[in-house]
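Quick notes on the structure that follows.
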Amino acid sequence: MRSLGANMAAALRAAGVLLRDPLVSSSWRVYQPWRWKSVAAAAAATTETAQHAQGAKPQVQPQKRKPKTGILMLNMGGPETLGDVHDFLLRLFLDRDLMTLPIQNKLAPFIAKRRTPKIQEQYRRIGGGSPIKIWTSKQGEGMVKLLDELSPNTAPHKYYIGFRYVHPLTEEAIEEMERDGLERAIAFTQYPQYSCSTTGSSLNAIYRYYNQVGRKPTMKWSTIDRWPTHHLLIQCFADHILKELDHFPLEKRSEVVILFSAHSLPMSVVNRGDPYPQEVSATVQKVMERLEYCNPYRLVWQSKVGPMPWLGPQTDESIKGLCERGRKNILLVPIAFTSDHIETLYELDIEYSQVLAKECGVENIRRAESLNGNPLFSKALADLVHSHIQSNELCSKQLTLSCPLCVNPVCRETKSFFTSQQL
């Protein structure tokens, strides 16, 4: 019994920010109203229109002609309503690419049921659901509109959303793509920096789908598996940072510390050779080059849980440490997230920018807006796909290389799946 309890405790620590039990004062609900209201409205709209069917509805887009090229936008997703939280957590805990737990098939339902009420409260605080599907749809619409102009030979283009843990699931999106009779399919990760636990998991889902149904794809697959230094992505981040710096008092602006915050990883994953830390660092370096190193900065990591070593320093500890050293003007920049979700809207905006900032005596703390509906970001996505099509490459050179100490045999099968495609 003691062993089982220890295993459950380890499982509870394994899911990052989604499993945390923050005590948040209700008196600090609104800190950045210009952002809160827009996100709350988006989430409310999602709540009203969410479908509660067993499977996902086809992703409806206006099409005059049969689509020729499909772009599958891959991400983990987020629950649209409070009622979706349990199933979201259940799928997350069952994902062996993300975490490996003892007796996972039994532990996952237990943990999901136990944690649902607390996670529902976090989503209630950000408007009742995640806006990530809204933003992904908006980005996809802008992307395919530009692509039809940039690449008429591969048009019409259609975007599909493939989430790992909520509808529309990756597998459901693939089924729709197959029904649409596409000539070409591009698996486009929405994580700029590659990690085996994020992009790797989504690509593994594509391989597993075809392996389980026992048939080959009718369309030609390729993948955009990372894009940490794309010039328009860097420009978007730089623009949003400059915009937010303008909100600091003029006399304090030059001393604002820019904290680039990314989701942390356990050092056990990093030490296997996961490229995520290096790719996040590359993004930060390019952004600061674009900004001509206008302010002091650091790369910090959020969402660590449990006693095991993770990438550091942690975002919350960094805020505390800076304040103790008299640096009390801070700009948080979510550098590994392109759309708002629980880790920006709750962890950064509430836990850190409201509660922690009050405790530490921060003078001014702000968070750079996520890329969300920025038209330049849709242009970046279109440019990435257009360049990928023109390159005639199946994937990046990096994807062909397994982590030196990889322990997941499915990764090798997935790499073989994509590198064996014929364009």
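Glycine is no exception: its Cβ is also placed from the backbone N, Cα and C atoms.
Swiss-Prot lists 1-54 with the feature transit peptide.
Residues or ranges marked as N6-acetyllysine by Swiss-Prot on the basis of similarity to another entry: Lys57 (among others).
According to Swiss-Prot, the protoporphyrin IX binding site annotation covers Arg115, Tyr123, Ser130, on the basis of similarity to another entry.
There are 19 other CB atoms within 10 A of the CB of Lys138 (N6-succinyllysine), with all protein chains counted. When secondary structure is read from DSSP and collapsed to three states, Lys138 (N6-succinyllysine) falls in the helix class. As annotated by Swiss-Prot, N6-succinyllysine applies to Lys138 (among others).
Here Swiss-Prot flags Cys196, Cys403, Cys406, Cys411 as [2Fe-2S] cluster binding site. Long-range Cβ contacts of Cys411 ([2Fe-2S] cluster binding site) within its own chain (separation 6+, distance under 8 Å): Cys196, Gly200, Asn204, Ser402, Cys403.
Residue environment of His230 (active site) contains 19 other Cβ atoms, counted within 10 Å of its Cβ in all protein chains. Swiss-Prot lists His230 (among others) with the feature active site.
For Asp383 (among others), the entry in Swiss-Prot reads active site. Of all Cβ atoms in the protein chains displayed, 19 besides its own lie within 10 Å of the Cβ of Asp383 (active site).
Per Swiss-Prot, the feature N6-acetyllysine maps to Lys415 (among others); the stated evidence is similarity to another entry. A 10 Å cutoff on Cβ-Cβ distances gives Lys415 (N6-acetyllysine) a total of 20 other Cβ atoms nearby, all chains included. DSSP assigns Lys415 (N6-acetyllysine) to a helix.
Here Swiss-Prot flags Lys415 (among others) as N6-succinyllysine, drawing on similarity to another entry.
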Task: Those residues of the chain, 6+ apart, with a Cβ under 8 Å from that of Tyr123 (protoporphyrin IX binding site) - done: Pro79, Leu82, Val85, Gly129, Ser130, Ile342, Tyr346
Task: Between Cys406 ([2Fe-2S] cluster binding site) and Arg115 (protoporphyrin IX binding site): CA-CA distance (Å) - done: 30
Open item on the list: Whole-number answer please: how many Å between the C-alpha atoms of His230 (active site) and Asp383 (active site)?
Closed with: 9
TODO: Sorry to bug you, but what's the C-alpha spacing from Lys415 (N6-acetyllysine) to Asp383 (active site), rounded to the closest Å?
DONE: 24
